[in-house]
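A.B. asks: Below you'll find the structure I mean.
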Amino acid sequence: MDPSEYLSLSDTVKYGSIETNSTRDSSEDENSPSVSPTGTAFIDDHMAGVLTPRSVSDAANQALVAVRHLHDVTVLPVADEHGHLAHYPGEEIDQHQRQKLKRPSQAGKLLASCTSKFLEAFKCLYSMGILLLSIGSVMMAIFNKQTVATAHGVPTPVAFLIFWFLIVWLAKMEGGQACLVGLQPVDKSLYAHTHPRTLISTNEAHKGDNMERFIVGRQFLVCLVVFSSNLMAATIENPHVPGLSDSLTDILLTSGNAVTLIAIIIGQSAQINAANCMLDFINTWFMIVTTFLSLILDMSGILHSVYMFQILFCKITNTPIDSNEPPRTPAQNIFFWTRVAFSTSILCLSFAVTLAAVWNGKTTMYAGVPNYISMVLLFVLLTFVGIMEGMQIALFAVVNLPPSDLKGHPLAAKCCKLTFKGSNLQAFLIGRQMCVTLCMFIVARLTSCDVALDGSEHTIFGVSENVQSFFNTGMLGAFITTVIGSLVWRIIASCFPVPFLSNPLIYAIIRLCLTVEASGVCSAAWPLALVQKEFIFGYTLDEAYIGTPQDPLEEPLVVTV
């Protein structure tokens, strides 16, 4: 018989490397016998001779000998000539079946697609139902004079109009900022004739450092609008709304959930359209007024304490402040630092008045919450909102960093891996916006003074009723939220993006935002955005006017009148 038909445990089998502990190093020896393609016999490598399989009994004896030495054998998988993992004879069918099982069938794909569409439709339906219920409950509260504004003498039609004006304005500001930021690299000549009002806003916002000034002023406007809409919709103590049970009233109105959902869903619908229809979205006089008003607020110096924090952190980190403008002159420096001192004084006054009101229970906070709990909750929520504001800046700051820069920061790397996986970034931004808006409405209740002006209560610090009426507007709370709960954290995150993301709380907050978005509570924003785009405003995609980043238009679109 050909020696190639002999097989010992020292041989290397085609179906997998079979080695013993004693002969592993010699398995590749040139003197080792070759392997039989059938490989039916196994022999003890300690035996002096070899056995030749001549009968069934011989094969059985050899198998028994091999079993005794299985504890000395290691089977190492070897790939075949096609690169597939080797398998033993008789396993070809099973291997083929396993490969088929790994590939989903067409029926499985169809089932998964139908299930996904059904879930999305269900989310939109129940979200729309929650939105309509929230709108109905808030409107009933306003027209039955069960809100703070109507209880203090604001006519119900005026409160109704102010509330909806503020909600629409909030949505426009949320989407408008994204449009102005996104249009910065676009050649303005491409839309100068088709979108003249958009050109006015972008020309002013993109001049020098005006984009930064716009963001600062707009943030204060957002907080002011949130606080004002809260005053229009926040219910009085123990409200009674016809048609709503006490439990439903507590869930929707007393808790503030109804007005929060209205603001979030309508705001999200605006941002959906703003993402793809930037030119049409801000081609309104409404956005022009918002742009100039934001710049005027920044120029007034009310928020200049933010720049003091910016300079401080840049000095600590030895980071230069990027600017598109020449250095300030001595006169401009005097004017700048005067406004910084003025803004810092307002910040200190706002904190003093707000903390006194919270400690004495003279705010619009929910009834039954102890004053000390309100005090702790105020700082916790300001910190939570600030972290979420800074997270957005930090994540965009590290999005293009090489992985090697994150090796020494495992927590930051873990946060980035989770956020930038698949469509998690968009989901995180939506969930973050929902959490921020909810927290801001609660902060608005915590920081909005509520002192009767009929002489039945002492004013804060004994000020006059006129001054107290200004305190009751909630502007001081909006100022604190803008500076301490938003802009300062953004500065910290921009100076220390990687260390900022190394906070263990960041990963938990990202998970929370993804969970909130997955709940589908705000899924009604998608059909609302479609209705606005197709039937109300008639938005057109930006690529029709300026092309795409891969294929931009070289000449402006010609409009035929």
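Glycine is no exception: its Cβ is also placed from the backbone N, Cα and C atoms.
Automatic, uncurated: that is what TrEMBL annotation is.
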A.B. asks: Which range is it, out of 58-76, 248-266, that shows up in TrEMBL as transmembrane segment?
C.D. replies: 248-266
A.B. asks: What stretch, picked from 334-360, 372-399, 470-493, 505-529, has the most CB pairs under 8 A with the transmembrane segment (248-266)?
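C.D. replies: By the under-8 Å Cβ criterion, the transmembrane segment (248-266) pairs most with 505-529.
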A.B. asks: Sort out for me which stretch, of 125-143, 215-236, 278-297, 372-399, 470-493, has the most Cβ pairs below 8 angstroms to the transmembrane segment (149-171).
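C.D. replies: Per the Cβ count, the answer is 215-236.
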A.B. asks: Quick one: find which recorded stretch in 215-236, 372-399, 470-493 has the most Cβ pairs under 8 Å with the transmembrane segment (505-529).
C.D. replies: 372-399
A.B. asks: Out of 125-143, 215-236, 278-297, 372-399, which stretch touches the transmembrane segment (470-493) the most, going by CB pairs under 8 Å?
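C.D. replies: Looking only at 125-143, 215-236, 278-297, 372-399, the most contacts with the transmembrane segment (470-493) come from 372-399.
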